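Chemist: The structure under discussion is supplied below as structure tokens; questions concerning it will follow.
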Amino acid sequence: ELGWISKVYVNRPAVVRHAEQIKKWNTVKGNWQAAWLLKAVTCIDLTTLSGDDTPSNVQRLCFKAKHPIREDLLKALDMHDKGITVGAVCVYPARVSDAVNTLKAAGCNIPVASVAAGFPSGQTPLETKLTEIRLAVEYGAREIDIVISRSLVLTGQWEALYEEIRLCREACGEAHMKTILATGELGSFANVYKASMIAMMAGSDFIKTSTGKEVENATFPVGIVMMRAIKEYYWQTGYKVVGFKPAGGIRTAKEAITWLMLVKEELGVEWLTPELFRLGASSLLGDIEQQIFYHVTGSYALQHELAMA
């Protein structure tokens, strides 16, 4: 529906002003804070995307994914029997089998997500992107995080962008597809909104802010723009199951709670589930566990007292 795209206008000063107000929100305290933090844990895509990833550090990551918070801390909160795990484990395609096998051996049903389609630059021939997606699914990935070709957005080739994402969606088969827009490289909020719309029209299950490798990653202004695109898409189509994933640069428990509060304000409580909201992060879980440790004990943990995420 190119008619939607041609009429897009984003009031940048209003978006930026609202984002500044968000930064001043008072965070929740006490048991309410602990509850929001545990909710955030269940929405984390626990990620390792390093060139030196090995089977052993992926196995360690999977163990942390199954046991994200120390058992004694969960018992103190009476949450030890609630099955709290992260939302998914995210790795490169070559490490998918390691993650799948480790989680299977642990008797855990946490989905494995794989980045694909020329991640992180997107500067890969389409045929190669589709092959990479198919291989990741074949290795056992249940979620695929693809990255778009930014050049198609910057040159206004919306039909070509739609076709690329549609073919990627087809290659994913039964796997869920998260479409990374790399918003820091799209040039304007209007382009972010248009790319969000195209991605949803082409069948994306999630739209995601960033690869985490750009200079500018998840920010509140682009989050607002993308969530309002999701809302508009729902109003226009009645289709309510497109999720949102901010990723990159989210490192503190306070930031995680603020993102949850923003999603609640913009999209509603029904989006605060792992099926419709994820946080892409590698170091965030460590700070959340530290804050829960402080809530339970009244002091911060020493370095050796919390397992590495």
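Any Cβ shown, glycine's included, is placed from N, Cα and C.
As annotated in TrEMBL:
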ACT_SITE  Lys208  active site, schiff-base intermediate with acetaldehyde
ACT_SITE  Lys245  active site, proton donor/acceptor
Chemist: How big is the Cα-to-Cα gap, in Å, between Lys208 (active site, schiff-base intermediate with acetaldehyde) and Lys245 (active site, proton donor/acceptor)?
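Modeler: Their Cα atoms are separated by 5 Å.
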Chemist: Of Lys208, Lys245, which of the active-site residues has the most Cβ neighbours inside 10 Å?
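Modeler: For the active-site residues Lys208, Lys245, the Cβ with the most other Cβ atoms within 10 Å is Lys208.
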